[in-house]
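J.: Reproduced below are the annotations present in TrEMBL:
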type	residues	note
DOMAIN	2-29	domain 'C2H2-type'
DOMAIN	30-59	domain 'C2H2-type'
DOMAIN	64-92	domain 'C2H2-type'
DOMAIN	95-122	domain 'C2H2-type'
DOMAIN	123-150	domain 'C2H2-type'
Amino acid sequence: PHKCAVCGSTFTRKANLDGHLTAHKGEKPYPCDVGTCSKAFARLNDLKRHKKIHEKEGHPGERYKCQMCGSTFTRKANLDEHLTGRPLLIKPAPHKCAVCGSRFMRKVNLDEHLTAHKGEKPYPCDFGTCSKAFARLNDLNRHRKIHEKE
């Protein structure tokens, strides 16, 4: 095992220790290249996780457009589902976001999407003294996994 001389954390691979050490040094060699985002990260995995925020919350970034109906999606997976989940020659998804124009097949998905635009975070973390809250239940569930490791 490889041990961090700063905090004592141990790693099975030296490459993981090296990545960990960049955080202690304050180095951020992985900048975000989405739109005008100016964030940078010490670890590549942190950058990858950050980029998912751009996709999920509709930050400026690449949009995926259906060539058949004009519906747009912030994630390619959603476009793929749109294309394969129903006939191609059909009206656009009926529930449209008045803020950004995203469309949804189900109203419940539009309602959940709108919480991010409104800045609402109705899903608080109930772990100890953690004060984080989230706009989407699945984001809270992903966050809870951090506490499971503690």
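Cβ coordinates are placed from backbone N, Cα and C, and glycine is handled just like the others.
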J.: Would you list the DSSP helix, strand and coil counts for the residues of the domain 'C2H2-type' (95-122)?
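T.: Split into helix, strand and coil, the domain 'C2H2-type' (95-122) gives 12 helix, 4 strand, 12 coil.
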J.: May I have the DSSP-based helix, strand and coil counts for the residues of the domain 'C2H2-type' (123-150)?
T.: 12 helix, 4 strand, 12 coil
